[in-house]
Amino acid sequence: MLRYCLHRLLIGLGMLLALTILIFVLLQLTPGDPIDAYINPNVAMTQAEMDALRAQLGLDRPLPVQYLAWLGQAVQGNLGHSLQRFNETVSGLIASRIGPTLLLMAAGLAIAIVIGVTTGIISAVRRNSFLDYSFSVLALLGISSPAFLTALLGLYVFSVRLKWAPSGGMLTPATDFSIPDLLRHLALPALVLSIGHAALIMRYMRSSMLETLNQDYVRTARAKGVREFWVVVKHTLRNAMLPVVTLIGSTIGLAVGGAIFIESVFNWPGMGLLLINAVETRDYPVIMGATLVIGACVIIVNILTDLAYAVIDPRIKVT
């Protein structure tokens, strides 16, 4: 097990390194001068002053040297300073934003798992029934709907028209922190984030349950007079969950992408909103730092998913 974890960790580090190189190259290919993000447009600067500032920031060095310098600092935990918020470090900005993003993703995935697994089981057990057809149609709609469109539609219906949920933010301004207020703001973004993932989980769960229900040991349990409820819970559910666990781990990356759109629509103060603002203002250190942290989180979750797969099914050996 330890050898497997180290092997996967080394592969993950290689993928993370490749990701940072790709983002660094793409940032260099974007039009414009990075120094523009550091200059106050209301203050006139001579070319000599701009060259001095560029040298101070290390932007006059060759690109490979710039990347290696950034990587060396990142390994030590120093992700640099924001070009737009001069007194704030990138690490500090990420630390203040990663909590809300993790909360949003955890809530969204929890809702998706509950809805997807439950409806998948019902559809499989009640195959070709009205419920089965209804859940299948809803799942198809959920998979086909883009995250940004679902977010805008949910915002319009539940916030603008029905007034059931706040239109944005994480807490009500000028009020003390309270759990009920946080949950009111969290409910709609988390529900919107869960829709596509719940649809995928439902389809996988239904297919896996149908396959497992046709196994010989399930038919034997039924022949012995075991109640259908216990046939599903004790003899079918655990084995049917194996491909779903893999799917849940693989959807973490998709959840990150969905969270970026949803945070921008609902003004949720997380990593997605931070990354979008950094791209808009060409804040390169924040873009690189946020990309590094997001990539590391996705890789770690994928490793944990593989380990969970082995725990659920002891027959599987990780080597």
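Each residue, glycine too, has its Cβ placed from N, Cα and C.
The transmembrane segment feature in Swiss-Prot is assigned to 9-29 (among others).
Sequence annotations record features per position, and here Swiss-Prot assigns domain 'ABC transmembrane type-1' to 98-305 based on sequence analysis.
Cβ atoms under 8 Å from those of the transmembrane segment (102-122) belong to residues 131-132, 135, 139, 186, 189-195, 197-206, 208-209, 232, 237, 241, 244, 248, 251-252, 255-256, 258-259, 262-263, 268, 270 of the same chain, restricted to positions at least 6 beyond its ends. Annotation source Swiss-Prot lists transmembrane segment at 102-122 (among others), citing sequence analysis.
Long-range neighbours of the transmembrane segment (138-158) within the same chain, counting only residues 6 or more positions beyond its ends whose Cβ lies under 8 Å from a Cβ of the stretch, are 119, 164-165, 167-168, 188-189, 191-193, 195-196, 198-200, 202-203, 257-258, 261-262, 265-266. Per Swiss-Prot, transmembrane segment is recorded for 138-158 (among others), and the stated evidence type is sequence analysis.
Per Swiss-Prot, the feature transmembrane segment maps to 182-202 (among others); the stated evidence is sequence analysis.
Swiss-Prot lists 242-262 (among others) with the feature transmembrane segment. With a threshold of 8 Å between CB atoms, the same-chain residues lying at least 6 positions outside the transmembrane segment (242-262) that come near it are 101, 104-105, 108-109, 112-113, 116-117, 120, 147-148, 151, 189, 192-193, 196-197, 200-201, 204-205, 208, 268, 270-272, 275-276, 294, 297-298, 301-302, 304-306, 308-309, 312-313.
Annotation comment: Swiss-Prot describes 284-304 (among others) as transmembrane segment, evidence class sequence analysis. Cβ atoms under 8 Å from those of the transmembrane segment (284-304) belong to residues 5, 8-9, 12, 15-16, 19-20, 23-24, 27, 34, 37, 70, 74, 79-84, 90-91, 93-94, 98, 249-250, 252-253, 256, 271, 274-275, 278 of the same chain, restricted to positions at least 6 beyond its ends.
Note on the transmembrane segment (9-29): residues 63, 67, 70-71, 74, 284, 287-288, 291-292, 295-296, 299-300, 302-303 of its chain, located 6 or more positions outside it, place their CB under 8 angstroms from a CB of the stretch.
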